[in-house]
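Peer 1: This is the structure, below, for whatever I ask next.
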Amino acid sequence: MALSKRVLFIFQAIVCLCFFSLSQGNQQLSLRNLPSLQKASSFTETRSETYDYIVVGGGTAGCPLAATLSLKYKVLLLERGGSPYGNRNVSYLENFHIGLSNMAPDSASQAFISTDGVINARARVLGGGTCINAGFYSRASSSFIQEVGWDEDLVNESFPWVEDKIVQWPKIAPWQAALKDGLLQAGVSPFNGYTYDHISGTKVGGTIFDETGYRHTAADLLAAGNPNNLRVLLHASVNRIVFNSQRGQLKPRVTGVQFTDENGRLHQAFLNSNCDSEIIVSAGAIGSPQLLLLSGIGPKKDLKSHKIPVVLHNKYVGKGMADNPMNSIFIPTKSPPRQSLIETVGITEAGVFIEASSGFGQSPESIHCHHGIMSAEIGQLSTIPPKQRSLEKAQKYAHTKLNLPKEIFHGGFILEKIDGPLSTGHLALIDTDVRNNPAVTFNYFSHPQDLTRCVYGIKTIERILKTNRFSELSANTDGYSMERVLNMSVQANVNLIPKHTNDTESLEQFCRDTVITIWHYHGGCHVGKVVDQQHRVLGVSGVRVVDGSTFSRSPGTNPQATVMMMGRYFGVMILRGRLGRAAGV
């Protein structure tokens, strides 16, 4: 017995030493270590070519996950989009709005409109949402980590692994500095300095943009993997997960995936015969529940309506979808402010976050006369009632905006968004083509508490605008009344016509009518309903989901930090589990 304990102790010590080295960051991460990025059409399928892990989705979670698993095992990473490298609309902050407004079928951003009428976007590029977002980096709260039941020590190793490679401190822009001062003068205190941590008060967070405005993404994290074990295919749209449902099996067992390349040709990739081999779905909060449904896992009635063979009935797939609603206030300034996205945040005790954006890029490719992160070109049509919004109206605006007064482009926005909305909706298939968006409903502000918090956020912005800091910036030396500011916010982007006569009299109506997104949607594959605590899909064998679709609430003020950490976390957790089982411990 004593010998067994000694062996166990020695084994545990070896594991700790091994994974301590795996968990350390490397600030000298070189993109020269990236694996070869190949087109999906280069794939030659043979039964002898098998993998320990097939990761579906090379996004915010999928890239760090695949890199980590490749340190010990053979991994195939399938990404439906292209490469972020060499794409200026992805790589540079000044072109942020161009990437999101690009409606081409091969663009890095794929627009969709929820049934609520809010125009949204999902990533279609290696690196996922880190390639098209506003770049802000802030960790989840400690309470979030405890709620989801993750190992706090491993979490605290996994965050720095990401941060040391792609995260920097911003050189704070004037508009962001003004927000910092305004928040503190309005009582959103204390000032917590520059920090990644989620703490009540005001802070400056990290950024994935460097000092030149160049964006570093989750794709860069692939350089931390073993290129000899990691194969990356681009333009590989996974149509379904393939199961072997032989009689006598307790659960359907996964065997591989079927995917289409950029030429429309069909391929199959297979797992090896090891019982620990897995398909890991990291296709995002839209793509992951969509893929489970297309693979025959979901509500039986819905699957049969699309003639999809039922592998497993699970009524919860695609349910509990939520998006953090956002509303914005436009503030005219004496001169056009310098471009900035998100750098400063106010974290209130009421569950409302206050952020800001300003200006627009001036590169030769830039769209001029727009509102940056709030531009109608990227779908932020806050001046049109949600049910009347469309991509066509966004495109029409691009042709008519030059007739608008130039003054409405001289200014910045203060944004308020709801933490953990209680309003939820669902996702359902429209057809069986994985390249098409499913129908998504978020039911913004259907829960009264969300509406109450929105009103609180607007009133907090009102207090900020009354501070000395913003009076100095205002185009009107005497400042603007809140009614005037709300009117300008309603009118700022498209048609200069308010939608309701009481938009500026009822803050509740203002919230409902001007709701937009900041792309923090989540849900559809919740823990305990679709996946277990280790994120293995319930009722089948060999499938796991690792991304924001498993969240009941979006972590922190902005989720990318936690989702990248999550990829690293589950990669290390899976490696530890396999190493432990191999040793019989």
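Any Cβ shown, glycine's included, is placed from N, Cα and C.
Look at TrEMBL and you will find 1-25 tagged as signal peptide. Under the heading FAD binding site, TrEMBL lists E79, R80, V125, V238, W519, H520, G548, P559, Q560. If you look up TrEMBL, you'll see 123-146, 284-298 marked as domain 'Glucose-methanol-choline oxidoreductase N-terminal'. Look at TrEMBL and you will find C454-C511 tagged as disulfide bond.
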Peer 1: Please name which of the binding-site residues listed here, E79, W519, G548, Q560, is nearest in space to C511 (disulfide bond), Cα against Cα.
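Peer 2: Out of the listed candidates, the nearest Cα belongs to W519.
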Peer 1: Using only the Cα atoms of E79, R80, V125, V238, W519, H520, G548, P559, Q560, which the record gives as binding FAD, return the largest interatomic distance in Å, rounded to a whole number.
Peer 2: 25
Peer 1: What does the DSSP secondary structure composition of the domain 'Glucose-methanol-choline oxidoreductase N-terminal' (123-146) look like, as residue counts for helix, strand and coil?
Peer 2: 9 helix, 4 strand, 11 coil
Peer 1: Just to confirm my parser: what is the rounded mean pLDDT across the domain 'Glucose-methanol-choline oxidoreductase N-terminal' (123-146)?
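Peer 2: It averages 97.
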Peer 1: Using Cα coordinates, what distance in whole Å links E79 (FAD binding site) and C454 (disulfide bond)?
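Peer 2: C454 (disulfide bond) has its Cα 37 Å from the Cα of E79 (FAD binding site).
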Peer 1: Select the most exposed residue of V125, C454, C511, where exposure means the fewest other Cβ atoms within 10 Å, treating these as the recorded positions.
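Peer 2: Output over recorded positions V125, C454, C511: least Cβ neighbours within 10 Å is C511.
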Peer 1: Nearest to C454 (disulfide bond) by Cα distance: which of the binding-site residues V125, W519, G548, Q560 is it?
Peer 2: W519
Peer 1: When you measure from the Cβ of G548 (FAD binding site), how many other Cβ atoms are you left with inside 10 Å?
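Peer 2: Within a 10 Å radius of the Cβ of G548 (FAD binding site) lie 28 other Cβ atoms.
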Peer 1: Just how many other Cβ atoms lie inside 10 Å of the Cβ on Q560 (FAD binding site)?
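Peer 2: For Q560 (FAD binding site), the count of other Cβ atoms within 10 Å is 27.
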Peer 1: At a 10 Å cut-off from the C-beta of E79 (FAD binding site), count the other C-beta atoms across all protein chains.
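Peer 2: There are 32 of them.
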Peer 1: With DSSP as the reference, give the number of residues of the domain 'Glucose-methanol-choline oxidoreductase N-terminal' (284-298) in helix, strand and coil.
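Peer 2: Breakdown, helix to coil: 11 helix, 2 strand, 2 coil.
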Peer 1: How many other Cβ atoms sit within 10 Å of the Cβ of W519 (FAD binding site)?
Peer 2: 24
